[in-house]
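Have a look at this one.
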Amino acid sequence: MPMMTRDVLLEMELEEDDEEDGDIALENLEQTNVSGFGSLKSQQDLRTPEFEEFNGKPDSLYFNDGQRRIDFVLVYEDESRKETNKKGSNEKQRRKRQAYESNLICDGLQLEATRSLVDDKLVFVKVHAPWEVLCTYAEIMHIKLPLKPNDLKTRSSAFDNFNWFTKLLQVDESIIKPEQEFFTAPFEKNRMNDFYIQDRDTFFNPATRSRIVYFILSRIMYQVRDNVKKFGINKLVNSGIYKAAFPLHDCNFSTPSEDLSCPNERYLLYREWAHPRSIYKKQPLDLIRKYYGEKIGIYFAWLGYYTQMLLLAAIVGVACFLYGYFTEDNCTWSKEVCDPNIGGQIIMCPQCDNECPFWSLNVTCESSKKLCIFDSFGTLVFAVFMGVWVTLFLEFWKRRQAELEYEWDTVELQQEEQARPEYEARCTHVVINEITQEEERVPFTTWGKCIRVTLCASAVFFWILLIIASVIGIIVYRLSVFVIFSVNLRKISNGTDPIQKYVTPQMATSITASLISFIIIMILNTIYEKVAIMITNFELPRTQTDYENSLTMKMFLFQFVNYYSSCFYIAFFKGKFVGYPGDPVYWLGKYRNEECDPGGCLLELTTQLIIIMGGKAIWNNIQEVLLPWVMNVFGRCRTVSGAEKRTPRWEQDYHLQPMGKLGLFYEYLEMIIQFGFVTLFVASFPLAPLLALVNNILEIRVDAWKLTTQYRRMVPEKAQDIGAWQPIMQGIAILAVVTNAMIIAFTSDMIPRLVYYWSFSIPPYGDHPDYSMEGYINISLSIFNTADFKSRVKENPYAGSKYDTCRYRDFRYPPGHPQEYKHNIYYWHVIAAKLAFIIVMEHIIYSVKFFISYTIPDVSKSTKSKIKREKYLTQKLLHENHLKDMTKNIGVIAEKMIGAVVDNNLRPKSD
């Protein structure tokens, strides 16, 4: 697209140590920028912005002339006033900045500079895009713009007569007016008359203007060195040439603007969305999308929908928890554990080799009571329910997402997304496109791509191994410290101590190990975030969507192992391969494997979930709320007292915190990790959805408060959906069925209790005339002869003990039996029942899931009709306008031809 511009490219010194990454080859110059490029070697040819004094209007969003709107702001520190001795470095930075600003002016943008009122070293360069530039780049970026008002009628709902309650939750339409809907089409300059242009100043809304200007800023050159060109505002900011680059908020968040023409959208968002008094109201998604762009809008739409669906899961989870709580007194096996005549008489075997003491079973009385709450029939019902709930959530979210795609004009977004400038800069290899059979440029060959993918995969695999090593370290800690707690906490002679009553060695080990695991998780997260970004930058994805999807998969794979590995260990490995007291299994050939409480490891898994979920929520809120607030307060304290009231809007925004390069990536990651905890291990903690619900209600308002009050306005971006997070959630949903079935089968004691109740409590195996749970504790604990103890240090460390026998958690034959210490028939009945339960539960839930997925279409019938109708009417409108233009042109041509014929006929013939 030729334009009446030219670029100024400075020849910089060869010895310069440039810290910026990514260069542009001259041979790819035409593909990188839409402008034609010239090279002005003379420093006098540079075009610089004019300096203007602040006009005293702090709420103004315009240049000093009051006509040209500020679309973007660049901030730099004047090199001539810097307190540094590096004059050569300052001069190089100044020349780069001047070249960049000159090229911006040559490309059609208009600049105006103003010095800071607080710090005279700071200079604010205001950027304005004229109408011609906006139109040109809107066509290049395939931006959809209004053709005519949308006259499609919305279907009335059968529940319209009952929505009096929902009106209380809706945002007041008199305050935030509904957005007018339009038929849209990709903008074309030669069809400008077809578009709905009533006012040139409002045809491009502020978000679209900022997006176009940022597109230009990201692709303008500023340096050529060794036949390599460098470009982009991001590199300039990273290298310190500019301090910041951002679009403006439209007003102060706490008070409306004094400018009557200002829409005060930031103020409305804070009042009706971010303020704590609006916590019960629905989110104004259309205004969020209008002000911040579709990418942020779709995040809050997804988070709000996820929170709404959590309400149902939380209600069912609380009901199952209350069922376990109120039926706790009917828990027969717990009563036997607490009974002094039963549990008090059962002596348990030591659980370590260093002369750990024998201990009484009733020491675990309190933990067995708690276990009755979580390990109940209600937990089984809730696990099945959550398998269905997660499918309903994903399917209904697809429908809601399709509606938003239609309402926000992102149905065909993938066709209009531009390549990242970093990708374009590396396109030096010529290949033949298989579809068009034309030459195109790519950043690397097929062999080079394979090398990059291999290196990236190896780096990710290395970090996953590092996490596994940390998990092994935690296990070693658990095995080592358990001996200490066993010696110090279990003393049969003083079993009434309150500490010993509530804190068992297993519980103390679990709590301390969970806390250490949480600290290690957060440290590894901080390091790996930087590594993942470096790996993805090296991989060089083509579009921003591809970049974020690639980074998402790397980060989630790491986070999955990091957060969930300890839970998987407790649920499926701890206490499963321990042998028996006479022949224990040693881990790494040195450490004796951990054992679970007599009631199983379910309560320990619950403790692990509570610590990680609760600790993660507290840590994230500290990071998201306190850190930006403290940084902003500190920044305001450094400014002159009272100056903030009179400083202009761009200076107030500069002192806010930048959002960060990845935007909402970490917000998504936080919620998806939570989604994994809610679904993967919900069979052990039915209150997890309730905790997630409370956290998310606060999370929505905290994120809203953070965006509207503590952060600069982000560059609006388009987004069609939530990206790679959708297939990740689908994978978690499939895995959750397996994990919950295995938790119920192998981690809890539900299956062994059911087998005893239905088979071994009555003849021929039992002595009870009717089905009963009495005697379960006795049959679930095997007998061991203390004379058979062995040790690696000495023959029998417990020789001469006053106890001839002790009990341990397993299903084995007693000493003296022909198959002593071998698994008995009850064990094989339990194993068969567990396997049968897993197969039946998985098949039932998967069948229901697939049936629901099949019966609920991803796009509702009404949305499909609206999309087809809009496409038809849009094509018809454009076709009719085109026909009118052709008819008009043909009419003009016909009139001219008829006029010419008449003139020829009336002209007298020459003799």
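Glycine is no exception: its Cβ is also placed from the backbone N, Cα and C atoms.
Marked as domain 'Anoctamin dimerisation' by TrEMBL: 62-285. Annotated domain 'Anoctamin transmembrane' per TrEMBL: 288-870, in sequence order. Taken from TrEMBL, the feature transmembrane segment covers 299-326, 377-397, 460-487, 507-528, 555-573, 671-694, 722-746, 825-846.
In the displayed structure, how are the listed features positioned relative to their neighbours?
Packing against the transmembrane segment (555-573) from elsewhere in the chain are residues 460, 463-464, 467-468, 471, 474-475, 510, 513-514, 517, 521, 524-525, 528-529, 532, 601, 604-605, 608-609, 612, 616, 665, 669, 672-673, 676-677, 680-681, 684, 724, 728, 739, 742-743, 746-747: each is 6 or more residues past its ends and has a CB under 8 Å from a CB in it.
Listed by sequence, the residues of this chain that lie at least six past the ends of the transmembrane segment (825-846) yet keep a Cβ under 8 A from its Cβ atoms are 383-384, 387-388, 737-738, 741-742, 744-746, 751-752, 754-756, 759-760, 765, 779, 810-812.
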Given the cut-off of 8 Å on Cβ pairs that are 6 or more apart in sequence, determine whether the transmembrane segment (671-694) and the transmembrane segment (722-746) share at least 3 such pairs.
yes
Compare 299-326, 377-397, 460-487, 507-528 by their Cβ pairs under 8 Å to the transmembrane segment (722-746) and return the stretch that comes out on top.
377-397
Counting only residues 6 or more past its boundaries, what in the same chain has a CB within less than 8 Å of a CB in the transmembrane segment (377-397)?
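Sequence-distant neighbours of the transmembrane segment (377-397): 302, 305-306, 309, 312-313, 316-317, 319-321, 323-324, 678-679, 682-684, 686, 689, 726, 729-730, 732-733, 736-737, 740-741, 743-744, 748, 750, 841, 844-845, 848-849, 852-853, 856, 858.
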Residue list, the transmembrane segment (507-528) vs rest of chain: Cβ under 8 Å, 6 or more residues beyond ends.
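Non-local partners: 367, 463, 466-467, 470-471, 473-474, 477-478, 481-482, 485, 489, 555, 558-559, 562-563, 566, 570, 594, 604, 607-608, 611-612, 615-616, 619.
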